[in-house]
Amino acid sequence: MSDISKASLPKAIFLMGPTASGKTALAIELRKILPVELISVDSALIYKGMDIGTAKPNAEELLAAPHRLLNIRDPSQAYSAADFRRDALAEMADITAAGRIPLLVGGTMLYFKALLEGLSPLPSADPEVRARIEQQAAEQGWESLHRQLQEVDPVAAARIHPNDPQRLSRALEVFFISGKTLTELTQTSGDALPYQVHQFAIAPASRELLHQRIEQRFHQMLASGFEAEVRALFARGDLHTDLPSIRCVGYRQMWSYLEGEISYDEMVYRGVCATRQLAKRQITWLRGWEGVHWLDSEKPEQARDEVLQVVGAIAG
């Protein structure tokens, strides 16, 4: 697309970053100054009843800066990148039609990628094919299926660990249904985002600072009643660790504690470690991201001013 035609597109802002980097605080600050409406880009914040462990904006923050795509699913329900793209595009169109600018804030990089680049034409899940794969895994083990994937799609096999049955079975399922590999199909992108996007990433300047913030926040969550929140989910009886909601960082570790599998101290240790690993993956995504403007979360006023400098011209 030429620069002239891109300039004629409606404007949007991406505010990305690892967990505990100060994204929400900056987004709320920007909403006071710019004509923006906020859309959450977070695969955990979509769930109702999961507030403390996801660091969901509190009632006061949401009053000052409402977020769209919060609390839109029950924890028993799945929500895909395709679901997000559909919903986000609808919200963006609604915001643009009102003469305002969508500001998408969050840390689920897969959602940002799906929104920006479109989605590959992957086949829908087939319960029969999936059942055959799981039966084979039960008989031969996931290592055997991983070797099978290596033969048909070595690129995907190098990326997927043998102990990751969800992604492994999906890669094989795609091949069995379509006759094409996951790698081949994901190289075919869908429709690009029809917006002129200003992209920002916020993070502390050092990994040590981010690690400190993550540990502090995890302990703050515990002090705020995180255990009671997960106990309420646990008591429902219809939720389990195979669900995306309960696999969320922090929730999975607390669930293991409630099931008596690990001690409280081990839960805290694992929860902090898992959150740090999540942040590392998010930063790895962002380092390979094109056209992103980096902001230092230890200097919030400077970060705000840098965003205003870049996008201020679009606010008139």
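Glycine residues also receive a Cβ, built from the backbone N, Cα and C atoms like all the rest.
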Range annotated as region 'Interaction with substrate tRNA' in Swiss-Prot, from 151-156, 175-180, 205-210, 247-252: 247-252
Where Swiss-Prot places region 'Interaction with substrate tRNA' among the ranges 80-87, 136-143, 280-287: 280-287
Range among 34-37, 42-45, 122-125, 190-193 that Swiss-Prot annotates as region 'Interaction with substrate tRNA': 42-45
Per Swiss-Prot record, range annotated region 'Interaction with substrate tRNA' [choices 166-170, 236-240, 241-245]: 166-170
The one of Lys23, Arg130 whose CB sees the fewest other CB atoms within 10 Å, among these recorded positions: Arg130
Same-chain residue ranges lying at least 6 outside the region 'Interaction with substrate tRNA' (280-287) that approach it to Cβ under 8 Å: 16-19, 107, 109, 113, 201, 203
Nonlocal neighbours by CB distance (under 8 Å) for Ala20 (ATP binding site), same chain, sequence gap 6 or more: Ala55, Leu210, Arg213, Ile214, Arg217, Thr275, Ala279
Which same-chain residues, if any, lie at least 6 apart from Thr108 (site 'Interaction with substrate tRNA') yet have Cβ under 8 Å of it: Val41, Asp42, Ser43, Phe84
Secondary structure composition of the region 'Interaction with substrate tRNA' (280-287) [DSSP: H/G/I, E/B, coil]: 8 helix, 0 strand, 0 coil
